[in-house]
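Report on one structure; see the data block that follows.
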């Protein structure tokens with residue numbers, strides 16, 4: 001056990017030992033100890049006050065007092081008062097610090113703090129942080145605050161159980177707070193409020209003071225509106241937290257510049273939010289993702305995927321964002337949504353696929369094509385299942401087709417076209433597009449199914465086609 005010596009105090013010990021000795025029995029938490037009260041009263045004002053002997057005509061040679069200190073910490077302080085030496089290790093340092101603060105023994109206070117800062121451990125960071133606030137120990141407070149912010153996800157349960165409004169605010173307003181996105185902070189504050197049953201006023205103050213609303217998803221914004229009981233939330237122009245700040249994005253940067261960075265990415269959308277996933281950056285495949293709200297014209301952070309991806313496909317389903325296939329791991333699948341700590345790996349596809357067509361009906365995810373130019377297999381994943389299953393084969397291979405659900409049917413269109421009906425579990429042929437296409441897109445405009453874009457034999461197809469559900473055929477769209 002490390003020993004720390006107060007050399008100045010040691011010089012005065014000999015003089016103290018020559019004074020008249022008065023024995024005192026101290027009853028502490030967990031035991032008692034007999035001390036030389038004369039020496040101990042010289043140590044600090046606390047002991048002078050608490051060991052003061054009441055005046056009587058016949059003084060007893062031994063007095064007895066009760067102190068609200070644990071016996072182990074008190075013993076260490078008594079040994080220090082006799083020898084000028086204090087024994088500190090990771091097991092006793094926190095309790096000894098608290099006892100030395102209560103007893104005003106400055107050498108032990110600063111020695112304990114220095115020991116904690118040099119050999120900092122996660123298991124006592126929350127308690128040290130609380131002491132830093134309670135007793136105004138600025139260096140301990142600063143160090144523990146930064147540590148908790150950095151390890152926030154690991155310490156979440158301890159924080160909820162122990163922190164009041166002030167303790168929480170100091171952590172959550174930090175730029176160093178290590179969270180995957182700002183929605184996570186909103187979800188955490190709600191959990192803290194429910195668990196701790198704090199006053200609603202504290203919750204409102206916390207939301208207004210710490211949430212960076214300009215980086216919230218629509219889901220996060222709706223949660224804040226619900227808390228604040230309003231239709232419009234406060235404006236915030238703070239910089240993003242360091243944990244979800246993109247190193248390749250300069251601030252401020254407009255949406256067009258951000259979109260240009262995500263070259264050859266996968267894209268999908270939920271409402272007004274477009275998700276840009278993976279692609280090619282700095283001459284390599286990357287695992288970055290970002291969301292862009294084209295209504296509010298701001299970007300929303302997304303944590304990096306578990307795997308880099310090029311030629312993958314994204315699809316919203318089951319209130320999550322799924323990313324399927326692509327290089328370099330064409331059978332891999334993962335999912336995430338705002339407020340989640342990280343992407344979660346899902347069951348692997350039965351076949352490797354790049355740029356597959358993916359759609360979801362009733363929370364069942366269907367994957368078609370993307371394997372080879374002759375492959376007609378399909379596979380699907382049921383909610384809460386851990387394995388993909390083969391579905392009914394398509395009539396045509398769909399190596400570079402696209403898929404979209406329209407009118408309770410799953411349309412699969414590229415060079416050829418067909419649709420899937422879930423109730424009958426069958427594919428039905430429809431007329432091929434007027435202009436066959438590779439990698440086109442299907443969109444819905446005014447309750448019409450439109451086929452746009454794509455390439456054929458190296459040329460871009462700029463003609464838009466509209467589906468006629470009466471004739472099962474395609475017509476050139478005139479914009480009406």
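Yeah, the Cβs are placed from backbone N, Cα and C, and that goes for glycine too.
Look at Swiss-Prot and you will find 10-90 tagged as domain 'BTB'.
Annotation comment: Swiss-Prot describes 125-223 as domain 'BACK'.
Break the repeat 'Kelch 1' (273-319) down by DSSP state and the numbers are 0 helix, 25 strand, 22 coil. According to Swiss-Prot, the feature repeat 'Kelch 1' maps to 273-319, an assignment based on sequence analysis.
According to Swiss-Prot, the repeat 'Kelch 2' annotation covers 320-363, on the basis of sequence analysis. Packing against the repeat 'Kelch 2' (320-363) from elsewhere in the chain are residues 153, 180-181, 183-184, 186-187, 217, 219-220, 266, 268, 270, 275, 277-278, 285, 291, 300, 302-314, 369-371, 375, 377, 379, 381, 383, 385-390, 398, 400-405, 408, 410, 412, 414, 422, 439: each is 6 or more residues past its ends and has a CB under 8 Å from a CB in it.
Residues or ranges marked as repeat 'Kelch 3' by Swiss-Prot: 365-408. Remark: secondary structure over the repeat 'Kelch 3' (365-408) totals 0 helix, 16 strand, 28 coil, with classes taken from DSSP.
Marked as repeat 'Kelch 4' by Swiss-Prot: 410-447. Per-residue confidence over the repeat 'Kelch 4' (410-447) averages out at a pLDDT of 98.
Per Swiss-Prot, the feature repeat 'Kelch 5' maps to 448-480. Counting same-chain residues at least six beyond the ends of the repeat 'Kelch 5' (448-480), those with a Cβ under 8 angstroms from any Cβ of the stretch are 404, 406-407, 411, 413-415, 417, 430-442.
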